[in-house]
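S.K.: Before I ask anything, let me first share the structure, which is written out below as structure tokens.
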């Protein structure tokens, strides 16, 4: 998995780290290419020792609604048109786990995560409503301006109409957001198989009484990184050349998003 550069996401992420007085919101949206690098290939070989890539794994019912996708299909259509909709292939499961590892490294390792810790969400509408309700209840009016910008950026990156949407709902021992003072959290994966890309949207709310500055690690890293870039650019040298080469490599993995 490789993190893809997205300036729109970077701008939105700066607005997803918010202090509300009694709570702190820390969120981020990231885009990943499903193209496997060296470490991913090695991990995938180990992963496949427990089952072939196309073997289906059972998922847990989604927490977004009281209905799993298969039961939703049955209740609406009269027949269970999608009896396997609560399952995914081991290859897809690997992509979800690899995305978590890339996003949370080096603090957490999700290599032992199991399929029952993931769910497939019933629909895009369910997920959008769940995200909107969580963020609006936390930041109120500030989210009204951010909401269209956020979802437009996600749609441009991943083409939401084509996505299967998964969530990560671990037990307390495995949850990176399960610390004391955690009020709520969500982890959604928007997977576009055609584009071979995943947009990962992770957010949590922490009680202000238990919050410490280190909790906002991502936001702090971004600020420190910006300062370092300013210092390096002021000093000249070949650093800019190396960064340009790295950006160019990232862009090679991107393909234009065309919603069909």
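A Cβ is built for glycine as well, from the same backbone N, Cα and C atoms used for every other residue.
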S.K.: Among 198-226, 227-255, indicate the range for which Swiss-Prot gives the feature region 'Disordered'.
M.R.: 227-255
S.K.: If I go by Swiss-Prot, the feature region 'Disordered' sits on one of 2-29, 30-57, 58-85. Which?
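M.R.: Per Swiss-Prot, the stretch marked region 'Disordered' is 58-85.
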S.K.: Identify, in sequence order, the residues in the chain of residue 60 (phosphoserine) that are 6 or more apart from it along the sequence and have a CB within less than 8 Å of its CB; answer 'none' if there are none.
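M.R.: Result: 116, 117, 118, 119, 169.
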S.K.: Could you find out if DSSP has residue 60 (phosphoserine) as helix, strand or coil?
M.R.: strand
